[in-house]
Each structure stands twice: as structure tokens, then as C-alpha cells.
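What TrEMBL annotates here:
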TRANSMEM  12-29  transmembrane segment
DOMAIN    16-464  domain 'Major facilitator superfamily (MFS) profile'
TRANSMEM  97-120  transmembrane segment
TRANSMEM  127-145  transmembrane segment
TRANSMEM  189-208  transmembrane segment
TRANSMEM  220-240  transmembrane segment
TRANSMEM  317-336  transmembrane segment
TRANSMEM  348-370  transmembrane segment
TRANSMEM  376-398  transmembrane segment
TRANSMEM  410-428  transmembrane segment
TRANSMEM  440-463  transmembrane segment
Amino acid sequence: MGMLDFCKAGGYPVYVLCILLITYLLNQLDRYILAIVILPLAQEIHFGDKSCLPNETRQPGPLQCNNASGDKHCYSLLNANGTPYCKWDYNGNGWEYQIMAGPIFILIYTFMGIFIGFLADAANRKNLLAVSLFFWSLMTFLMGFAQEYWHLALLRFGQGVGEAGCTPFAASLIADYFPEAARGSAMGFYNWGIYTGYSLSFAVGNYITRANIMGLGWRWTFFICGIPGFLVSLVVLITVKEPQRTQGTGERAHNMNTPSSLSLSQRLSRILQPFLSPSLLLLCLAGSIRNAGGYVWAYNAQIYFSQYFPGEDVGRWLSWIPLVGGSFGVLFGGFISDRVVKKRGLPARVWVLVISQIVAAPFLVGVLWLSPPYAFLLLIPANIIGEMWVGVTLAIVVELVPPVIRTSAVAFYLFIITNIGGNMPLLVPPLTSLYGLRTALLILFPGMYVAGSLLFLLTLCVARRDHRKITSAETEPLLPESDEVSQEEHHKRT
């Protein structure tokens, strides 16, 4: 099946898919715009760490400002005119920022996702998706009016509440709008919103701030990011129809053999049990570590280039590199793993994870070691190779769990890796205070790729055995043979 097989489903389902893609794009744009404007934002609202930064109103001097170890040393650096060309100011990093970027958003985002996942099974999904989009867009828009740190923290919390409703509702709608054979390519198209929204955040965050509309600088980035969500939420509400719910073969068999009175604790126990196997435990740990590297870079890339290369136009490069590299990486990873798995089975997928992450790591070291434009250019192969893991790990998860809980298992896997990986940026401030930002990112960016690769290798050692168990379980009849015969005879008599 090709990547665009979802087009065969008809014009209206494709229209709905495009609306869902735009919704996911806005989801990612609003999530990451904070990281792009954090430097001018922190300097105006006054929070986070301070360091020696270039004074853009003065003629540059011979040394880089970030070489200064304290405020006195910072102001002692003089240019040819004999005046200080650096300033001791907020640099956008520190505990306050990392907490706002990570735990304040991630914890409510993931826990709300569990509650919303249950709603997606019973409620009107397109209405709830429209409400979620409107709410997180409102939180983003209001960030432009923030005057204190706690204003931002509260609104960031609200963002997490709203954004938690995006993918659960969208994925459920996609499952009902597209036949089973086209759902994979439809979800792949939908997931382009990740890289499109993230790349767009660099363009909006850098160029709108620089435009300084009405003298409000970074505040207009939140206004511009929030306004489209209001419009798209109306489009979702008015033009998207709530489709009839469908069930896959595995789900129907599951419902035939599962009591309707199954309690929540029993359902959770059924989902959690496969994750006690060594292969899934290791896969979750490896995915969490690898995901941590992505989160660390996503929330600190702008800070890094602003600190070490203050005159560089970051938006010129990062407004398209994540989009091109990430999108190709996801598609390339799925293509490669599907081809090799036909010959060598499930272990071949794990080998794709092991090799891709260890190969991508040296490129990432180059990103942090070299100066622009080479640092940016190395992000292209790093993204293409390093992002291969996204779809491949999900394919492994569904192959290591019974068919009747695959959807819930994927949700639980994402819950684990998002909570662990999304809070890993909290390690940036202490490591920065000890070794500097560049070394901290070397440890937490390419270092996490290498650690993830080694953990994927350990997963390989036990995955074959657990997959064999699942395969044998799938071949067992859902009902004892005597029951099947008796049911068949009953149908004949009636």
C-alpha cells in the first residue's frame, strides 16, 4: 500500500483528514512557540537564569560574550570604542523555563489524555475536538498578554488540558472515516502535522518577533498562533460530520468474549499485563530515553543558537529542516522496516532502531560542535536517520501485544515515553551550571540517541521470544471447539 492510499476513500474523508492535519499543525505550533520566543519573553517578564549576552545596541567586540563567567567580567569586555558590548541579562534558560516547558504541560497533557481516551469511545468526537482546539488556542492567545511568570505557567497548564484532546479524537475519527487498509497511510499523513507545526514555530517565532508589530515584539507571536485556531474550530464544528463508529475484527471478537460489566480496574489490568514482559519494558525504557533527546533539543535549540551564534538567522534554517528531514525519516523508517521484516521478522524492525539511532548520533555531535551553516546542514541527515524510530517502535508495540488491546497498548506506550522523555529537559539547568549549555546538550541530545540505541539492542535479545508467545496466542481459537460446534448447530436449528 502506498503512502497516499487514503485518497481512495473518497473526497469528503480526505477533506476531513486535511482539516485534522491543520488541527494537529496548530497543536504543535502552539506547543513549541514558547521555546522560540523564550529569550525576549524572559527578559521582559524577568525569570530564569542570567548570563552574558550581546548588547545589540552596541558595536560588537573581539570576544564572544558567553565566554564571560560573571556580571563583572561581562561588563569588562570592551569594543574598539572602549564601551561594553555585552550585557548581563536573562538568557531564557533555567528551572522556571524548563518546568514550564516540561512538567506543567506534560503531566496534565498525558493524564488528561487517559480521560479523553475514554470519552472518545462514547461522546461526539468532532464537537469535543472543536472545543479542545478552541480552548488551547485561547490559552495561546492569552499568553500574549502575560505580565508575570505565573500567568504563563497557568496558561501553559491550560494549553496541556486543551491539546490533550487533539490526537485521541482525531485518531478515532480517522479510524471511522477510512477503511482498515488505508488507516496507516491516513495516520502517516496526519502525523506530518508534527514536523510542519514545529518548523512553522521557528518561522513565526523568529520573524514575527523581529517585525515588532505595534512595538509588542514576542507578544504578537502568541496572537498570530492563537487566532487561526478559533477559525479552524468553527470549520471542524460546522463542516466535519460525526461518522458512524466501526469495529475491527479483533475488537468484535474481543467484545463477544468480554463481559460488558468489566470494571475499569480489570480493563487497566488487561492493558498493563503485556507491559510486564521484558521486551516491552525495555522497549518503553528505550523509547523514553530516545524521546528525551528529542524533547531536550526541541525546547533548547533556539536558546542554543541564540547564545552561541547570536547573529545567526535561526528561522531561515529551522523553519524547513525539521519538516523535510523529519517527514522523510518517518516514511523512510517505515519503508525500510516493512521491507526487511518480510525476510527476517520482528527482530529486523529492532535492528532498524539500533542502527538508525547510533548512525544519527555523530551528525548531532557535529550540529553542536560546528558553526552555522554546517551545524544546520548536519541536521538534515540527522533528522532523516534519527526520526526513523517513530513509526517503527509503534509497529513493534502492536506486534508484541494481543490484537484486542493494540489501540490501548499504543496509548499506554505513548503515555510512558511522553512522561519520562518530556520531563527530561529538567536536567538541562543543573548540567548547564556544571559544564555549560553546549556540553549539557551533548549529553542529553546525541547522548540519549546512543543510550536509546543500546537499550533497543537489549530489547532485541528478548523481543523474539515474546513475539513468539503473542503469535501462538493469536492462532488459538477464541472459543473452545465444542462451543463453536454447539453454536453452529444452534444457528442451523434456528
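Using the three backbone atoms N, Cα and C, a Cβ is placed for every residue, glycine included.
TrEMBL labels come from automatic prediction, so no person has curated them.
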For the domain 'Major facilitator superfamily (MFS) profile' (16-464), mean pLDDT (0 to 100): 86
Dominant neighbour of the transmembrane segment (440-463) in 97-120, 127-145, 189-208, 348-370, 376-398, by Cβ pairs under 8 Å: 348-370
Listed stretch, out of 220-240, 317-336, 348-370, 376-398, 410-428, that has the most CB pairs under 8 angstroms to the transmembrane segment (97-120): 410-428
Region pair the transmembrane segment (317-336) / the transmembrane segment (127-145), three or more CB pairs under 8 Å: no
Distant-in-sequence neighbours of the transmembrane segment (189-208), which means Cβ under 8 A and at least six residues beyond its ends: 3-4, 6, 17, 20-33, 35-37, 170-171, 174, 218, 220-221, 224-225, 298, 302, 313-315, 318-323, 325-327, 330, 390
